[in-house]
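K.L.:
Handing you this structure, nothing more for now.
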C-alpha cells in the first residue's frame, strides 16, 4: 500500500512548469513531461514556419495570375503594357516553380531571372517594387555602380545578400524567396566586347562575381552585418530561389541593334531601311537580341543568366500627364492630401500639368523629375500656407510652373479670386 506522500507526488511540465492539476493532459517521456498546452503551442509555431516558407503567395493565399498581376501594376505604373506582360509571366512562372518545388519529378524547371531595359524615369524600379509588394515577399535594391570584386575597395556582391537578410530580420527561409533588384546594370559593362588582359574590378569582374549569385549558390554572409574575419560563423544563404531583376538604361544599345538590322538587309527580298531609322528608341529596343547585349559589354555567361527581357519605352508628354493624375499614389494626389492637412483645397489646371510634363521632357529625367519640378513650383505657397488665415483653395496654373506668376488664392469669406503677393 502506497503512503499518502507517495500518492500525492506532483508531476510538472518540463517546458512551462505547470503541474498535472493545472493542465488537461501531461505526456511522459524519458525523465521529461510535456503538457497539452505546450504541444498546442509547438504545433502553432511549426504551422507558422511552414506557412512562411510557403509564403510567396500574397496575403489572400493564392498566387495571382499574370492578368491579375498586370491589372495591379496598371494601378501604379502608366503605360509599358508589353513590359508588364513580360514581367508578369516571368514572376508568375518563377513563384509557380517554387510552389511545385517540393514535388518529386523528373523535370526540373530552371530559374528565369529578368533583365529590364529602359530609359531613366520610365518605371523600372517602380515595377520591381510593386511586384514585391503585391507578392508580399522581401525586396531589396542594389546599385551595380557601387559593387567591386571581393578584395577591392567598395561593396562586394555578397553585401546584397546581407541587405536582404537584414530586411527579413535574418530569417533565412524568408530571404531565400525574396526579390533582388540590381539597378544600373549597364554601368558594369566591360569597356569593349573583346576580353581584356587588364583587371576591370568594377566592370567585367563584377559581372563574373554576380554570375554564381544570380544562377544559384550558397553565399556565406557575416551575421548581423559584421565584417568577414576568420573563426567567424557565417549565415548560409541559398540564392537558388531568389528572383533577380537587373535594370539599366543601356544608352547607345539602340545604335547596336540598328547596325545589326541594317547588316541583315541583303538581297532583293530584304526590307529596305534608311540609315536614319525613324523608329522610336523604345520600339528599336524591343528587337534586342543577346548578341546586342554582348556587343554592349555584358559577358555572354551573364546574358545567359537573364533569359527574360522586358523593354520599357520613353514616356511622352501625355504619359507624364497621366502619371501626374491617375496612379493610386499620383503626385497631384499626394500634394492635394498635403494641402488638405492644412484645411485647404488644391487644384491643378490642365495647362499646369502639361507644363510640368514639358519641363520633365526637357530635363530628360522622365517620371523621376516630376516631383522636383512640383516641389520647386509650390515651395513659396507651402511656406506661407500655415500662416494664411481663411484660405479655402489654391489654384495652380501654367504661370506658377513657369515661375511667371503666383498661384490663385481663394478665401473662405470672399467669392472673388486673389493672387499671392
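Positions of Cβ are set from backbone N, Cα and C atoms, glycine also.
Not measured: the values here are computed from a predicted model.
According to Swiss-Prot, the feature domain 'ClpX-type ZB' maps to 1-54, an assignment based on sequence analysis. Taken from Swiss-Prot, the feature Zn(2+) binding site applies to 13, 16, 35, 38. Residues annotated as ATP binding site in Swiss-Prot: 119, 120, 121, 122, 123, 124, 125, 126.
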K.L.:
If I take the alpha carbons of residue 120 (ATP binding site) and residue 38 (Zn(2+) binding site), what is the distance between them in whole Å?
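P.N.:
About 55 Å separate the Cα atoms of these two residues.
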K.L.:
Which residues, same chain and not among 13, 16, 35, 38, have a CB within 8 angstroms of the centroid of the CB atoms at the recorded Zn(2+) site?
P.N.:
14, 15, 17, 18, 23, 26, 33, 34, 36, 37, 39
K.L.:
Relative to the Cα of residue 38 (Zn(2+) binding site), which of the binding-site residues 119, 121, 123, 124, 126 has the closest Cα?
P.N.:
126
K.L.:
Spatially speaking, which of the binding-site residues 13, 16, 35 is closest to residue 126 (ATP binding site)? Use C-alpha to C-alpha, please.
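P.N.:
Checked the binding-site residues 13, 16, 35; minimum Cα distance to residue 126 (ATP binding site) goes to 16.
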K.L.:
For the recorded ATP site formed by 119, 120, 121, 122, 123, 124, 125, 126, which further same-chain residues have Cβ atoms within 8 Å of the site's Cβ center?
P.N.:
118, 247, 312, 366, 367, 368
K.L.:
Here the binding-site residues are 119, 121, 123; which one has the lowest number of other Cβ atoms no more than 10 Å from its Cβ?
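P.N.:
Selected from the binding-site residues 119, 121, 123 on minimum Cβ neighbours within 10 Å: 119.
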K.L.:
Could you round the CA separation between residue 121 (ATP binding site) and residue 16 (Zn(2+) binding site) to a whole angstrom and send it over?
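P.N.:
Their Cα atoms are separated by 57 Å.
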K.L.:
Pop the Cα-Cα gap between residue 125 (ATP binding site) and residue 16 (Zn(2+) binding site) into the table, whole Å please.
P.N.:
49
K.L.:
Around the C-beta of residue 125 (ATP binding site), how many further C-beta atoms are within 10 angstroms, looking at every protein chain?
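P.N.:
16, counting other Cβ atoms within 10 Å of residue 125 (ATP binding site).
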